[in-house]
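K.L.:
Handing you a structure now.
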Amino acid sequence: MQIKLANPRGFCAGVDRAIEIVNRALDVFGPPIYVRHEVVHNKFVVDNLRQRGAIFVEELDQVPDNVIVIFSAHGVSQAVRKEAEGRGLKVFDATCPLVTKVHMEVVRYSRDGHECVLIGHEGHPEVEGTMGQYDASNGGAIYLVEDEADVAALEVRKPEALHYVTQTTLSMDDTSKVIDALRAKFPQIQGPRKNDICYATQNRQDAVKELADQCDMVLVVGSPNSSNSNRLRELAERMGTPAYLIDGAEDMQRGWFDGVRRIGITAGASAPEVLVRGVIAQLREWGASEEQELEGREENITFSMPKELRVKAL
């Protein structure tokens, strides 16, 4: 069996920053540090931070007074921010800056009283945070659509003042179809100047297409609740290549690889490289040859840390 590795794969700049914020907060202030929602959607990462003293909660009413709280990379609603401020909690915001960009777009449309359509997956924390940026008291409204059927059923009050934004971790191909449907139904709709789907999502989807084209099977390292990891698995399957989403080597079954000559491996943006290495090691034990890394797009984007952690960690 040959092993081919997608490039790029794994951690993006927003995930790197979010994990580092939790680690530095633990270093500087000591445990416990409370984190609202999993800081990133990866079991291995969350378990490691939990062992260091991070406490993960879903709502702020689970957080005692006078503690440090970190908002996850997925972002939070304005209501959550106001609740934290009202309680006087010390907050470090690990929201990915590319998610914050979408939040700012929604706030602007809300302030102008313009209606906004968010393309995204209902129930995902990023979507909940983005929807929660919109203040309908200025006369507008925000609508969530997931697919073309949702667009067909959508009714708005002022199509001449309508905008759309997207969740940052969607399938580019699926999102393009939804945008086309929105433009067909609402010709005056306006989108962001730059695509909201983040650079890392785009790069990893491009890389998995190349990988699936060269392999008999694709393994996507990522947790089941990771949106971008699920999109990678779906994309490989759409290209006709069997694909599995796995948290790590322990999820693999030997029988999957019967008759497989070329195995492709990629990782979602929240999955660390150590998990990929564990998968490779297991495959090598099962007789796979040395891995080959495909050529890909170089990523050199970094995001700065919150000032207080940046100074105190020196």
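Quick reminder: no glycine exception, Cβ is built from N, Cα and C everywhere.
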K.L.:
H41, H74, S226, S227, N228, S270 bind dimethylallyl diphosphate in Swiss-Prot, but which of H124, H163 does that record place at the same site?
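P.N.:
Given H41, H74, S226, S227, N228, S270 bind dimethylallyl diphosphate in Swiss-Prot, the matching entry from H124, H163 is H124.
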K.L.:
According to DSSP, which of helix, strand or coil covers H41 ((2E)-4-hydroxy-3-methylbut-2-enyl diphosphate binding site)?
P.N.:
coil
K.L.:
Note the Cβ centroid of H41, H74, H124, S226, S227, N228, S270, the recorded isopentenyl diphosphate site, then list each other residue of that chain whose Cβ lies within 8 Å of it, in sequence.
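P.N.:
Apart from the listed residues, the neighbours are V40, E126, T169, N225, S229, G268, A269.
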K.L.:
If I take the alpha carbons of S226 ((2E)-4-hydroxy-3-methylbut-2-enyl diphosphate binding site) and C96 ([4Fe-4S] cluster binding site), what is the distance between them in whole Å?
P.N.:
15
